[in-house]
Amino acid sequence: DLTQFGNMINKMGQSVFDYIYYGCYCGWGGQGKPRDATDRCCFVHDCCYGKMGTYDTKWTSYKYEFQDGDIICGDKDPQKKELCECDRVAAICFANSRNTYNSKYFGYSSSKCTETEQC
C-alpha cells in the first residue's frame, strides 16, 4: 500500500515528500515524458502498477522486510509480491538517481507534460 511504499522510500534514505509532486509522473496519475531519471522512476512505477490491471495497488498491503540494506518482498500471494516488487524497484531507483533530483521539477505543472511516452 502507499504507506508501505513511503516507508520503503524513507528507509532507503530519501524523503517520501520529495516525490509527491515531482515531474510529470511522481504523485497521482501521470502524463507526458519523464523529465529526468528521478521522474523516470515514477514513470516505470506507474507502468508496473498499470500491468497489474484493476488490482488495488494503492491500498493492498503486502509482506516485506529490510535486510542488510535491501528490501525483501516475502508475500506468498503472487499479486501482492508483484505489487511489493513494483514499490521495491521504485524505492531503490529513487535512491540510485538521487543525484538527478532537480528542485525545479518539484510542484511541476502537468500542463507542461504534453509529450507522450508508452510503457
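FYI, residue positions are counted from 1 along the chain as it appears here.
Yeah, the Cβs are placed from backbone N, Cα and C, and that goes for glycine too.
Per Swiss-Prot, the feature active site maps to HIS45, ASP87; the stated evidence is similarity to another entry. According to Swiss-Prot, the Ca(2+) binding site annotation covers TYR25, GLY27, GLY29, ASP46.
What Swiss-Prot annotates, mapped onto the structure for a quick look.
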{"residue": "TYR25", "record": "Ca(2+) binding site", "contacts (Cβ under 8 Å, 6+ apart)": "PRO34, ASP39, ARG40, CYS42, PHE43, HIS45, ASP46"}
{"residue": "GLY27", "record": "Ca(2+) binding site", "contacts (Cβ under 8 Å, 6+ apart)": "TYR19, ILE20, TYR21, CYS42"}
{"residue": "GLY29", "record": "Ca(2+) binding site", "contacts (Cβ under 8 Å, 6+ apart)": "SER110"}
{"residue": "ASP87", "record": "active site", "contacts (Cβ under 8 Å, 6+ apart)": "GLN4, PHE5, MET8, HIS45"}
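Residue density at HIS45 (active site): 23 other Cβ atoms are found within 10 A of its Cβ, drawing on all protein chains shown. Those residues of the chain, other than TYR25, GLY27, GLY29, ASP46, with a C-beta within 8 angstroms of the mean position of the Ca(2+) site C-beta atoms are CYS24, CYS26, TRP28, GLY30, GLN31, CYS42, PHE43. According to its DSSP assignment, HIS45 (active site) is helical. DSSP assigns GLY29 (Ca(2+) binding site) to coil in the three-state reduction, outside any helix or strand. In the shown protein chains, 21 other C-beta atoms lie within 10 A of the C-beta of ASP46 (Ca(2+) binding site).
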